[in-house]
Amino acid sequence: LTPAPGCCVKKLTGLVAATFTPLTAEGEINLSVIGPYIDYLIEKQNVKSVFINGTTGEGCSLTVDERKQLAAAWCQHGKGKLEQVIVHVGCMSIKDSQELARHAASIGADGIAVISPSFFKPINADALRLFIKEVSAFAPDLPMYYYHIPSMTGVALDAADVLNGIEQMIPSFQGVKYTGTDLRDLGQCVCYSQSHNWSVMFGVDEQLLGALVLGVHGAVGSTYNYLGRIVNQMLAAFDNGSLYFYYYYLCSAGFDVSVNKQVMSEVSGLAMGPPRLPLLPCPVSKAQAIAQKIKDFSQGH
Ligand SMILES: CC(=O)N[C@@H]([C@@H](O)[C@H](O)[C@H](O)CO)[C@@H](O)CC(=O)C(=O)O
């Protein structure tokens, strides 16, 4: 029995660090940093997946051989620690991308991603799909993600057009890393991906909250290298609705200036004092109960 496409794939979700490439002072790749880098991401940032050799990793400024060495080091040091190592294989020459895809499969990477070539550009979505297919053919068992980043490639085809029908050409296709601000296109990618169980990973870190509303499954970005812990808390609050639960609780507890002022006193420790008549002071016990909810919320309970 041939498994249905995507049935055995670990779905890419949550926060993924788009990693930097450590270099020595002389400008050579510094593989010795990768082991400690992985421990730092896991222990200090609670980030367990990486996207390597991408934009943040200066992938397009590295040689094919350097990219292979880096990919091998991330996979080797990440084995048993990282959940997913996604290797970006985009290059100007399809031959180089194919070689990197083949290599990624041989070292046990969890997935590959590819940008559009940007000197000779695909004329339409058909041409880009064909390019992605021919790269994927060198790693047919690895999940393939289209890396949409028009600000860097200058290829402004709608990502949703690229996705349309791609599953018929690339059985291993698993989604899109969307580094763009066109929310209509992003929303269409999310809709199309639902029926294929693909991942739409957002790549504009400063707009992540907005993209979550559209239903993206996670995010790949540079700032999660050092802000992962905080952004993970935001994702958890968004996921379980606790942020809204808190506001709901607050409103249902009878929310007015008196309550608000007393809650501020309780939470901040600053003496806001009572409200002025005709407002009546909020009972301290009520404000304390709300303050406790806020404390629980900020501690992730
Ligand atoms: C253009 C760019 O570099 N975008 C970053 C963002 O993480 C970006 O650094 C962040 O949103 C700050 O602008 C990522 O989307 C890039 C990325 O994931 C990668 O390194 O491949």
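Using N, Cα and C of the backbone, Cβ positions are placed for all residues, glycine too.
As given in TrEMBL:
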type     : residues      : note
BINDING  : Thr56, Val220 : pyruvate binding site
ACT_SITE : Tyr147        : active site, proton donor/acceptor
ACT_SITE : Lys177        : active site, schiff-base intermediate with substrate
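TrEMBL feature annotations superimposed on the structure.
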residue: Thr56; record: pyruvate binding site; contacts (Cβ under 8 Å, 6+ apart): Ala18, Thr19, Phe20, Gly221, Ser222, Asn225
residue: Tyr147; record: active site, proton donor/acceptor; contacts (Cβ under 8 Å, 6+ apart): Gly54, His88, Gly90, Ala113, Val114, Ile115, Val176, Lys177, Thr179
residue: Val220; record: pyruvate binding site; contacts (Cβ under 8 Å, 6+ apart): Val16, Ala17, Ala18, Phe51, Gly54, Ile86, Lys177, Met201, Phe202, Gly203
Exercise. When the Cβ positions of the recorded positions Thr56, Tyr147, Val220 are compared with the atoms of ligand 1, which fall under 6 Å?
Worked result: Thr56, Val220
Seminar exercise, completed: In the three-state DSSP scheme, Lys177 (active site, schiff-base intermediate with substrate) belongs to strand
